[in-house]
Amino acid sequence: MWRPALSKTPTEIVTAERAGLLLARLRTQGPLVHCLTNTVAANFTANALLAIGASPAMVDNTEEAQAFARAAGAVLVNLGTLTPQTAAAMRLAVKGAREAGRPWVLDPVAVGALDYRTRLAADLVSEAPTAIRGNASEILSLAGETAQAGRGVDSAASSADAVEAARSLAHATGAVVGVTGERDYVSDGARLVALANGHPLMPRVTALGCALSAIVAAFLAIADEPAEATAAALLTVGVAGEMAADGARGPASFATALVDTLYTMTAEDLEKRGHIEPCPHAARSTLRSTS
Amino acid sequence: MWRPALSKTPTEIVTAERAGLLLARLRTQGPLVHCLTNTVAANFTANALLAIGASPAMVDNTEEAQAFARAAGAVLVNLGTLTPQTAAAMRLAVKGAREAGRPWVLDPVAVGALDYRTRLAADLVSEAPTAIRGNASEILSLAGETAQAGRGVDSAASSADAVEAARSLAHATGAVVGVTGERDYVSDGARLVALANGHPLMPRVTALGCALSAIVAAFLAIADEPAEATAAALLTVGVAGEMAADGARGPASFATALVDTLYTMTAEDLEKRGHIEPCPHAARSTLRSTS
Amino acid sequence: MWRPALSKTPTEIVTAERAGLLLARLRTQGPLVHCLTNTVAANFTANALLAIGASPAMVDNTEEAQAFARAAGAVLVNLGTLTPQTAAAMRLAVKGAREAGRPWVLDPVAVGALDYRTRLAADLVSEAPTAIRGNASEILSLAGETAQAGRGVDSAASSADAVEAARSLAHATGAVVGVTGERDYVSDGARLVALANGHPLMPRVTALGCALSAIVAAFLAIADEPAEATAAALLTVGVAGEMAADGARGPASFATALVDTLYTMTAEDLEKRGHIEPCPHAARSTLRSTS
């Protein structure tokens, strides 16, 4: 009897219950997350990490990045306000993370729109990131589909348009790929999950995606399974966004409530509100990859 | 019969109604605003731009600044936390903006107080900024009146003291000049308008002036007439400041409310609250320049 | 009759009444505080300084740092997101401060955990800082007790563990040393005071310690006696933290309320809520140092 290879079966990546367990573990362990991120996102990212229970440290000079990455629970590399100096530090941090076997996350901000960072991102993708988190334009660009490159830091495409790109990028690189937007998708190259939480105010808060990538790193630091950790992080932030919208009067009070919610939300909130969807693309893609 | 040259007539620069139309257009078009700004202001500026409906992108490395400026709707150059590296990127961004015919705004933070940035600002002023937005000390310094140079980033003079400097700077450079303070003034060298909104908490929020300059860039990106766009931006933020003060408990809750208000305010708010004043200096100056 | 040398007597460093007087003076004088700080802390630090009544300016390039420090009321050097460029600017700022006789504060972020900044901090400590403010791990490291080095930017030790290190560091360097944590301690090498205000949400707000060091600089700029100024600054922020916790829904609304409180709090709040404790370590240490 023929059956597809188990690794290609679209089994469940995450459940709300498992996400809740990981959130609890994150709060207990308080992992050190080494962030090389942009100047717009640094403060908000650190506050989001502190709120959820992690211990952030922003160290992005070439003198310290490698040694610090070796000691961290996970490393975040975010290309937002790249300079030649921080690019060099990023390469060293990735080297340190790999030497010490630490998970690391790539956030390819605005890749595709600008050559310099697109080349750096290609180099970094070859350094085995544990996870890649981007918007649709960024993931399409990394997957080699340059037609829909973003405009600046915002995506010109919807996340649904990048589902196949996310899967193929994950398959080609071995990284878990998360593409966020109106719906979020996570793939490990074989499996795929869609997460349908979130709120329209989220893209009106700068650096929310950057903070999300840092939270992916925090979950990776305490989890055994990268795809589950990545999906749990996206689910947690999506649910927090929904909860934070109650009573928000605009994007700034929403951002305040979001960080507060990361601090106060419970596993029960994830179970009650989390929308984890069987992904319609999954079956199609499995057929394609086994045909 | 003698009459003054039309270009010197102090006709209206902006009306509340026109400002409301531009605000609506800004929200519809969502212009990409390329910001080279300081590390204190980056996050708040991006959030203010997102709230008002623009799409901010902070790209300040020498590898990308020129190409990115060519593709942006408008460019902001803010000298706040200048380094030799960002200064080089600023020059390239201005070059890109000029090549592509994009409007660009100069925010000459602390010019006059420090030689290095004063020299850079003089160079940049010669590169035909579309608008210059500063406090009284900064505008006095750029206009060559060095006696009242500021102390650090705060102005030692009142905006009313810099009205003539604003006009002469505008006349000499061709830039629209906005000088902000207790009252805001905008001049294109011939015309002058005073805007009398705002709130005393505004100078207690860091980077509010920097964000204001970015919002000027956003209005320039979608407007036909730079003086009108600059005045509309200042009017919008002044009215938002007044509205945000209701219920604020101090400068931080005020800043949150201000960003929320930029997101929610309407053309009606501008019409109901906007104080656009016939400027007493206008007649005097017109007489002087035609005498 | 034997009695300890007067300079070693643990006499009072600060009273709530004196702290209130200094707070009032700070608001009246509005000292210019020149900050060379990290990219995570810059915005929050500037807002905290503005709220309490100071005038912040972040200038950390090598072209301007020395001249600007000479003109400032006080200088803050914070090693958070150090680069070789900002390190050079820090050395120049310290030079400028010393030339002009300005007080300066060292915030040795993550010293002990990373060699590069540990060496720089050692150099800077030899440049006669007026005050040093750090967490327990940082102060232990600076005092030469390397066993309990921190993990990233968070302390692995409690502030009570670093009381003797704070005193010995103050004694060895001539700087006032403040070590903050569950309790805060200030020593000038002879005297010691414990401050027992604050709130558990404070370590969940990024850059709160960094902003606190900047507020120490602001108090130093307007005070005659560095130990009193340092303790008054720590007392003020600790009391503000307690007040801000009322009604906070998590760390972000707490941070907003804290900045609002720095703006609105009164000398009466300090007198009503300030917990200044006779320090149990004082007697023991005096005996030790006179034995």
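Backbone N, Cα and C atoms are what each Cβ position is placed from, and that goes for glycine too.
Because the structure is a prediction, the values reported are computed rather than measured.
Listed in TrEMBL for this protein:
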- C:MET58, C:ALA207: substrate binding site (BINDING)
- C:ARG133, C:THR180: ATP binding site (BINDING)
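Distribution of TrEMBL features across the structure.
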residue	record	DSSP class
C:MET58	substrate binding site	strand
C:ARG133	ATP binding site	strand
C:THR180	ATP binding site	strand
C:ALA207	substrate binding site	coil
Select from the binding-site residues C:MET58, C:ARG133, C:THR180, C:ALA207: which have any Cβ-Cβ contact with chain A shorter than 8 Å?
C:ALA207
Same chain only, sequence gap of 6 or more: which residues have a CB within under 8 Å of the CB of C:THR180 (ATP binding site)?
C:ARG133, C:GLY134, C:ASN135, C:SER159, C:GLY209, C:LEU212, C:LEU234
Candidates from C:MET58, C:ARG133, C:THR180, C:ALA207 close to chain B, where binding-site residues are judged by Cβ under 8 Å:
C:MET58
C:MET58 (substrate binding site): tally of other CB atoms within 10 A of its CB:
29
